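Each remark here refers to the structure printed beneath this line.
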Amino acid sequence: MTLQPLTPVNCAGLLQPGCSLLQLDGEVLLFGQKGWPKRSCPTGVFGVRFKHGEMKLRAISFSNDSCYLPPLRCPAVCRLDPYDGLPESYLIHGGRTPNNEISSSLYLLTMDSRGCNRKLTLCCTEKELVAEVPGPRYGHTMSMVQSRGKTACVLFGGRSYMPSGERTTESWNSVVDCPPQVFLFDLEFGCCSAHTLPELSDGQSFHLALAREDCVYFIGGHSLASDSRPPRLFCLHVELLQGSPLLSCETLDNGLSISSAIFTRTGPTHRYIILGGYQSDSQKRMECTTVILDEKGIHFDPVETPKWTPDIIHSRTWFGGSSGEGGILLAVPTEGRPSQQDMHYFYQVNFQTEGETREEDGTLACSQESTDYDDSTPLEDSEELYFGREPHELDGSSDGEGEAYNEEDEEDESQTGYWIKCCLGCQLDPNTWEPYYSTELHRPAMIFCSRGEGGHWVHAKCMELSETLLLKLSQGNKKYFCLDHGGLPYQEMTPPRHIIPLKRITMKAKDKKRPLTIKMSPAKKSFFRRLFD
């Protein structure tokens, strides 16, 4: 195992206690950052990449038919492996918003497409729940169980605000543990059912939930009623019968006293490693534990801990999430050191060994508990602009279904079109580059010129584009020429529109005297003519 310090290249302030890490289509995604996102990333989801000891973030776009996904902290996150022809996806329920509002919505997050420039596009839909719907909460868990050929979702724990009838002026923002009920709902119809079990008598939050087939294990957790973290371990057995489901619970005596911990999957079977968390309000849990789920039950074994740095040992809080199979992203606050610009130190813990066989990632870790919800500052505009291209315009690209995604290809400048030198007169230095447009994330904005052999990329700043024009050109899938090939904006596919000149009519002078004319019928004219004759 290794503990590697990470240098955040940009937007390190987005990672805050309560955020979650997801793995979708081989890419690590950050969800639930601090602050409300603006136009540049309206869904608040960022791609996280680790390379050469650096951590970079990139804004992830969503499809046009996606619903709005608020930046939820401490939600229940559950991974859905591909089944019945459905792609891999994530369920996100509840959570706390930066405005201290607690959500009760259920979202389904899937991959919509991946463009020829390796840009990931997600799709988010809100699932409607009926019958006995769980109330708004955060710090709870959600797991998938399979029984008798059926699949269902199990939701348990969490905390929320006091009921409206019990809230006073002094306790208006006080939170309590949710009733210890187990909610079971199916994803096809959204029907929910609440179940009360005698073994689950106290509410618990920020616990761990590991599932295998028809069993779910609840490990540890914090109880507000007793302000304690007892070494609890429950085994919930779910039978999805034809009529109503049958639930039973067993209390085991080999639990862990832990809350707000992180776990990651490490083996070909249901093998996990638990790291982090708290044993009490003032004591972190520095040990690491291996958890194995098999036919006989659950087994805990101690594992060698990484060589902790002094910053980790002396920090009061820490948080993070699973960054892939056998990997954990860990963050500790800088404790207000004026010499440190970033708010947190970041580390990557890797438990994967060469002899272990890789398999698909399991359920992700629950996000870290955060008891400090200060007024959130708005997220600055930051986005890496991409301009659409046809697949045949990118050398070596392929939209075939069987092609695997390789992170090395994404960093390769010749594959993505992001060249350091765009033209002979390019003055941008990547080592001393500073953002010029507010929409840039960590690379200069570029635009694709379709003239020449295969086309080429040029920096928008070298094209002397205004930010308004740059945003306008980024919409749609159009082709443009650079200054060396005809100027801009010139659309190759759209012929210029011919404007018909307006016919000018001279205005009559206001003071021009005109003879008085009286309109009369022929009968009146004959009458006046005979009268004067």
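Just so it is clear, glycine is given a Cβ too, placed from its N, Cα and C backbone atoms.
Taken from TrEMBL, the feature region 'Disordered' covers 357-413.
If you look up TrEMBL, you'll see 371-384 (among others) marked as compositional bias 'Acidic residues'.
Annotation comment: TrEMBL describes 386-395 as compositional bias 'Basic and acidic residues'.
The compositional bias 'Acidic residues' feature in TrEMBL is assigned to 396-413 (among others).
Feature annotation from TrEMBL assigns domain 'Recombination activating protein 2 PHD' to 417-495.
The annotation Zn(2+) binding site is assigned in TrEMBL to Cys422, Cys426, Cys449, His456, His459, Cys462, Cys482, His485. Note on Cys462 (Zn(2+) binding site): other Cβ atoms within 10 Å of its Cβ, all shown chains, come to 19.
Each of the binding-site residues Cys422, Cys426, Cys449 was scored by the other Cβ atoms within 10 Å of its Cβ; the lowest score goes to Cys426. For the domain 'Recombination activating protein 2 PHD' (417-495), the mean pLDDT of the prediction comes to 65. Of the listed binding-site residues, namely His456, His459, the sparsest CB environment within 10 A is found at His456. Taking the Cβ of Cys482 (Zn(2+) binding site) as centre and 10 Å as the limit, one finds 24 other Cβ atoms among all the protein chains shown.
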